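The compositional bias 'Polar residues' annotation in TrEMBL covers 1-10. Residues or ranges marked as compositional bias 'Low complexity' by TrEMBL: 11-57. The feature compositional bias 'Acidic residues' is assigned by TrEMBL to 203-220. According to TrEMBL, the compositional bias 'Basic residues' annotation covers 225-239. Per TrEMBL, the feature domain 'EF-hand' maps to 123-157, 158-193. Annotated domain 'WWE' per TrEMBL: 553-634, in sequence order. What TrEMBL lists as region 'Disordered' is 1-57, 197-247.
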Amino acid sequence: MSTEQQNIESTNNTDVATEATNTATNTTSTSTENTSASTTTSSNETTSTTTAPTNTTITTATTTNTTVPTTANNKRKEVDSQPPKYIETRIRKKAREALDLISNTKQRQASLFNLLGNDYTGPTEQQLEMIFRLFSRNGKTIGCDELKSVIRAMGKRPLTRRIDKILNECDENGNGTIEMDEFVRYMQKKAMEKAKTLGLLGESDDEEEEEGGDTDEEKEDSPKRKAANAKPKSKKPSTKKVTTTATNTTAATTATTNTTAATTPKPIIAKAITKQPSFFQPLKKGSSIVHYYTENAGTHINANVELDQYSNPKGIEYDLGVEGAFTQFTILIGRFYNSSDLECIKDLKSKGFQIVEAVTQRDFLDKLPKSDIALIISGHKNDNTSTEQQFIDDVETYHKVGKGLFIWNDNAPFIYHGNLITKRLYGITADGNEPGKQDLTLGNGSDKQHFSSHLVTSGIVNLYEGVTISSFADITPANGKVEVLASSSQGNKIMLVSSSDLTKIDANCGRVVIDSGFTKLFAQFFSAGTSRYVKNCCVWLLALDHRFRLGVEVSGEIQKPKEEPVWQYSHGSWLDFDTDASKIVEEAYQEWLTNPFTDVRSVKSGNWAYQINFKENQQTNIQHHDHKVRDIRRVLKNVVKPTIN
């Protein structure tokens, strides 16, 4: 090879390398060679890209120098015909490895959500586990009905198509239940897919998610729609000349898919996400249970946790409620036993609660309707500011619209006000004067000197029983409406809570906690587990998890259930249609009753269209690619009308 040919070949290689580098690398300025070349007349086409989200102009130019020999031009065209080189950054590599981990090995990775960056606003892995625990049947699995509550507690609507899609993907054996690990992996996968769609983790080559899945927005007209700021998928390089426009800049502006020009990150304003909260949109305050409950809700102790002198874990993160989260709620304290200052007030205020006190029955009843929780410290007699009948009638009315009662007795005779309430509601009363001063340990609450695992005992392994205490000899008259939380060091029932069996209680009634040692609110407030226990009880009495289950507002009254027709479909077990869909099917059913000669009716719910055969009680999803057929049925249920859905 001659010296001249070697020089030409060297020049070609250099130009090709420079071209590939300039095209693939994000830059804020062009190279010296390209800048000078852009001012000359070129026989090839020029593509310019400018991104200026603010006042910054970012330009990438690809040009051809006319002084390069023909051989170099041919090689340059060869490079132009190839897709731009993909640069795998560190964050993209981590994201890819994380997705491979989920899809291939189905193993969990605690740090996966951290890859999504500061834009991610959804629940963490620990928060997902907490939500799952709240509604699970046995702490390990959830069914169709519980899944609705889980989705609502995440701040999403429990749409029928969403529930169905999650069950199809997670319930591999078709028994209608999902395990915690399956659910967490599913949500991790959906969050990563959404991040890729929004361009937060690079371009997504995946197909659009099948309609009806756990998407973060409610789709409208098109079954496949991209969120705002989503990057376009890679296409073959275009050879068409682009018309350029200048707006207060000297650079041309155009969007091309064969470049990877650097862009200043924009705030995500997803125009497509108009009805549903996204993993990357801040949730409305109070719309998710994670705004109120800590990720450790329902647990007691973790490994490598610092413990206090009573062997309970230190730190407010082990409380049931999030610090400062309850500013919209009011606790009314009826102090019918006058003693020293209440030590509990400061700690309750730290959770955000507004505290109001009353020292007479009349004052208490006047302030009662405006409170969310009534904390009643029993006295030993009627103070004559109201009658017994007035007192108990007003408290019962308060309880039956969803408000919580925290009833504190002590040794007899300081059981008067508590017994008025428990006798009316449950037919049970407390009595006795038992010496205490012992710590109870975590176990079975019906066993001597033990307390049960419960949300109100979150973060507690040892709990003080009180100084001198009364107890309940028999709770049989309550007929399962209350259950034993703790037994004393003498083996007597000293703490009771509302039943966890939802079939035993009215859905609209408030929760109740009954404790027989009110001295824990005074001088013994700093005994084993007491401070956390009192705060946990007040948080639990708001029944926030139950309100998310019902689909009602987190505060205010809960309407009494009414018997209504509800349509259900079979998926392992019977699952309710969402409220809107059930109404649509009921209307079609009523039409069929007047005209039974046509058994099949077409029904549209959301984006799905069904053919429903009322004679066979079956529905066919005519839009689903499998045209799934499910059994359906109509039942009459006592339903609390949802105020949110």
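The backbone N, Cα and C atoms fix where each Cβ goes, and this holds for glycine too.
For the domain 'EF-hand' (158-193), the model gives a mean pLDDT of 82. Helix, strand and coil counts under DSSP for the domain 'EF-hand' (158-193) come to 25 helix, 2 strand, 9 coil. In the domain 'WWE' (553-634), helix, strand and coil residues by DSSP number 16 helix, 36 strand, 30 coil. Across the domain 'EF-hand' (123-157), DSSP classifies residues as 21 helix, 2 strand, 12 coil.
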